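Asks: Attaching a single structure in C-alpha coordinates format; questions to follow.
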(Lines of atoms letter the chains of each structure in order from A and count residues from 1; the text may use other names and numbers.)
(Lines give C-alpha, C1' and ligand atoms only; values in the text may rest on other atoms or scores of the structure.)
Protein backbone atom coordinates (compact mmCIF):
# COMPACT_ATOMS: atom_id res chain seq x y z
CA UNK A 1 0.00 0.00 0.00
CA UNK A 2 1.52 3.31 -1.07
CA UNK A 3 0.43 5.18 2.05
CA UNK A 4 2.10 2.59 4.27
CA UNK A 5 5.23 2.63 2.12
CA UNK A 6 5.32 6.44 2.40
CA UNK A 7 5.13 6.18 6.21
CA UNK A 8 8.03 3.72 6.21
CA UNK A 9 10.11 6.03 3.99
CA UNK A 10 9.28 9.04 6.16
CA UNK A 11 10.27 7.13 9.31
CA UNK A 12 13.59 5.97 7.84
CA UNK A 13 14.65 9.11 5.94
CA UNK A 14 12.60 12.02 7.22
CA UNK A 15 11.49 12.59 3.59
CA UNK A 16 8.05 12.11 2.03
CA UNK A 17 7.99 9.66 -0.86
CA UNK A 18 6.35 12.36 -2.97
CA UNK A 19 8.24 14.41 -4.07
CA UNK A 20 11.58 12.93 -2.97
CA UNK A 21 11.35 9.37 -4.33
CA UNK A 22 8.29 9.00 -6.59
CA UNK A 23 9.99 10.57 -9.63
CA UNK A 24 13.64 9.99 -8.80
CA UNK A 25 16.09 8.57 -11.35
CA UNK A 26 15.03 5.88 -13.80
CA UNK A 27 13.50 3.27 -11.46
CA UNK A 28 11.84 5.12 -8.58
CA UNK A 29 8.09 5.30 -9.15
CA UNK A 30 6.20 3.20 -11.68
CA UNK A 31 8.26 0.98 -13.94
CA UNK A 32 11.66 1.89 -15.22
CA UNK A 33 14.18 1.41 -17.98
CA UNK A 34 17.75 2.19 -18.83
CA UNK A 35 20.71 2.33 -16.49
CA UNK A 36 20.03 3.22 -12.84
CA UNK A 37 21.52 6.61 -11.99
CA UNK A 38 22.95 6.09 -8.50
CA UNK A 39 22.75 3.82 -5.44
CA UNK A 40 19.28 5.10 -4.49
CA UNK A 41 17.97 4.36 -7.98
CA UNK A 42 19.80 1.02 -8.31
CA UNK A 43 20.03 -0.60 -4.87
CA UNK A 44 16.73 0.74 -3.62
CA UNK A 45 14.24 1.46 -6.41
CA UNK A 46 15.42 -1.09 -8.96
CA UNK A 47 15.66 -3.82 -6.30
CA UNK A 48 12.20 -2.82 -4.99
CA UNK A 49 10.79 -3.18 -8.52
CA UNK A 50 12.40 -6.63 -8.76
CA UNK A 51 11.01 -7.61 -5.37
CA UNK A 52 7.49 -6.67 -6.48
CA UNK A 53 8.08 -8.40 -9.82
CA UNK A 54 8.61 -11.73 -8.05
CA UNK A 55 5.19 -11.39 -6.43
CA UNK A 56 3.01 -11.92 -9.49
CA UNK A 57 -0.60 -12.36 -8.52
CA UNK A 58 -0.19 -10.38 -5.29
CA UNK A 59 -2.23 -7.15 -5.17
CA UNK A 60 0.13 -4.27 -4.41
CA UNK A 61 -2.63 -1.98 -3.12
CA UNK A 62 -3.79 -4.13 -0.20
CA UNK A 63 -3.18 -2.90 3.32
CA UNK A 64 -0.66 -5.07 5.16
CA UNK A 65 -0.03 -5.36 8.89
CA UNK A 66 3.13 -3.67 10.17
CA UNK A 67 4.31 -1.58 13.09
CA UNK A 68 6.80 1.17 13.79
CA UNK A 69 8.17 0.45 17.26
CA UNK A 70 11.39 1.34 19.03
CA UNK A 71 12.81 2.79 15.83
CA UNK A 72 12.19 -0.37 13.79
CA UNK A 73 9.75 -1.30 11.05
CA UNK A 74 8.28 -4.74 11.68
CA UNK A 75 6.04 -6.54 9.22
CA UNK A 76 3.18 -8.35 10.95
CA UNK A 77 1.24 -11.52 10.29
CA UNK A 78 -1.03 -11.37 7.28
CA UNK A 79 -1.53 -13.31 4.10
CA UNK A 80 1.60 -14.57 2.37
CA UNK A 81 1.27 -11.77 -0.21
CA UNK A 82 0.80 -9.06 2.43
CA UNK A 83 3.87 -10.21 4.33
CA UNK A 84 6.04 -10.33 1.20
CA UNK A 85 4.93 -6.91 -0.06
CA UNK A 86 5.54 -5.44 3.39
CA UNK A 87 9.07 -6.90 3.37
CA UNK A 88 9.73 -5.40 -0.10
CA UNK A 89 8.61 -1.97 1.13
CA UNK A 90 10.49 -2.30 4.43
CA UNK A 91 13.75 -3.22 2.67
CA UNK A 92 13.41 -0.29 0.25
CA UNK A 93 12.72 2.22 3.04
CA UNK A 94 15.80 1.03 4.95
CA UNK A 95 17.82 1.15 1.72
CA UNK A 96 16.79 4.78 1.16
CA UNK A 97 18.13 5.66 4.61
CA UNK A 98 21.36 3.73 4.05
CA UNK A 99 21.95 5.57 0.76
CA UNK A 100 20.97 9.11 1.74
CA UNK A 101 24.59 10.14 1.22
CA UNK A 102 24.29 9.44 -2.53
CA UNK A 103 20.83 10.97 -2.99
CA UNK A 104 21.19 13.64 -5.69
CA UNK A 105 18.30 16.07 -5.26
CA UNK A 106 19.52 18.39 -8.01
CA UNK A 107 20.49 15.72 -10.53
CA UNK A 108 17.84 12.99 -10.32
CA UNK A 109 14.76 14.33 -8.52
CA UNK A 110 11.98 14.66 -11.13
CA UNK A 111 14.30 13.01 -13.64
CA UNK A 112 12.62 12.88 -17.08
CA UNK A 113 11.78 9.39 -18.37
CA UNK A 114 13.05 10.47 -21.79
CA UNK A 115 16.60 10.48 -20.36
CA UNK A 116 16.31 6.84 -19.25
CA UNK A 117 17.43 5.16 -22.44
CA UNK A 118 18.14 1.59 -23.31
CA UNK A 119 16.69 -1.70 -22.20
CA UNK A 120 15.55 -2.36 -18.67
CA UNK A 121 18.08 -3.91 -16.34
CA UNK A 122 17.57 -7.59 -15.54
CA UNK A 123 16.70 -8.57 -11.98
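Quick reminder: no glycine exception, Cβ is built from N, Cα and C everywhere.
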Asks: If I go by Swiss-Prot, which of 49, 62 binds Ca(2+) at the same site as 27, 29, 31?
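Replies: For Ca(2+), Swiss-Prot names 27, 29, 31; of 49, 62, the listed one is 49.
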Asks: So of all those recorded positions, 27, 48, 49, 89, which one's Cα sits nearest to residue 75 (disulfide bond)?
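Replies: When the Cα distances are compared, 89 comes out closest.
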Asks: Based on Cα distances to residue 116 (disulfide bond), point out the closest of the recorded positions 27, 29, 31, 89.
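Replies: Checking each of 27, 29, 31, 89 against residue 116 (disulfide bond), the shortest Cα distance is to 27.
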Asks: Taking the Cβ of residue 81 (disulfide bond) as centre, how many other Cβ atoms lie within 10 Å?
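Replies: 15, counting other Cβ atoms within 10 Å of residue 81 (disulfide bond).
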Asks: Name the residues of the same chain, 6+ apart in sequence, whose Cβ is under 8 Å from the Cβ of residue 44 (disulfide bond)?
Replies: 28, 92, 95, 96, 99
